[in-house]
Amino acid sequence: MLIKLPSASGSKESDVTPESIYLSRRTLLASSLAGLAVTALPRWASAADASRYADVEAGKAPGWFADKLPSTQWQAVTVKDEAITPFKDATHYNNFYEFGTDKGDPAKNAGSLKTEPWTVVIDGEVGKPGRYALEDFMKPYQLEERIYRLRCVEAWSMVIPWIGFPISALLKQVEPTSKAKYIRFETLEDAKSMPGQRSDFALIDWPYVEGLRLDEAMNPLAILAVGMYGRELPNQNGAPLRLVVPWKYGFKSVKSIVRISLVSEQPKTTWQSIAANEYGFYANVNPMVDHPRWTQARERRLPSGLFSPNLRETKMFNGYEEEVGSLYAGMNLRKDY
């Protein structure tokens, strides 16, 4: 489907206090574009553009990323009347169980992950399978900044400025066969650098696996991200390559991807394997379908705290119903959650 993008609107930035209260899936583990806008800014064209991320901690960008960054299409997609979550909070309040189950564990432990060199395998039902160094994998793609809402299944949310490219561009390159119906994503499995994979949480069968229907992956909102906040992805946020599907709960957006497979059958995903009654394959943000242990009708937008929870009503498809609703026409979204 095509996205009709209305006129540009600005996203505000504001400070945020660290989150102190959150819902967590650790209990389970231990027990067994609406409002979109587009504007083309082909490079860091002005001091104002660069200053938006002046407070962002500098990373160690790989050469290929540094070379591509100046031609990024800045603010290619934005959201109206939304404050961008400050970088510190977006990088220190994370779910990435490969590095631990507490929200601060990924930032504390992910420094051990080596992201250079990095290899991505493309296989399955494609005309052009291959094994690529990440710098070669990225060569064909124009980077875009996409400012998206992020809604976690745990009922908290952020607004993140990602840098990446549409999955549809990748699919055009690899040429799916007529048998391809789904796309399967696989995270790195490396217990040496990922301490969470060495833990006693045997319920997770590594590597982490996620998937999309092919038409979902083709939607213009679905991207593969390599950066955020004007720089490369930090390790704790899924470096060097992660999925971003803003109308779905955050656990669908698999991190540190090493394999992308086109398949004919619906892949069995990690959380679906652990608790299918709680985490379905589709995982679309839906305020009408509660998690068995908490409501999904509301969310806590960071910043929030004990005395300032910053609650808001959750929007269908996380506010992207106009862009993605037709993908699920005729489906029972209570059954296919």
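Glycine is treated like the rest: Cβ placed from N, Cα and C.
Keep in mind that this is a model prediction, so the values were computed, not measured.
For the Mo-molybdopterin site, Swiss-Prot lists ASN94, TYR97, GLU98, CYS152, ASN237, ARG242, SER253, VAL254, LYS255; matching the candidates THR177, THR187, THR295 against that entry yields THR187.
THR187 (Mo-molybdopterin binding site) is surrounded by 24 other CB atoms, counting those within 10 A of its CB over all protein chains shown. Shown in sequence order, LYS103, PRO106, ALA107, GLN236, ASN237 are the residues of the chain, 6+ apart in sequence, with a C-beta less than 8 angstroms from the C-beta of ASN94 (Mo-molybdopterin binding site).
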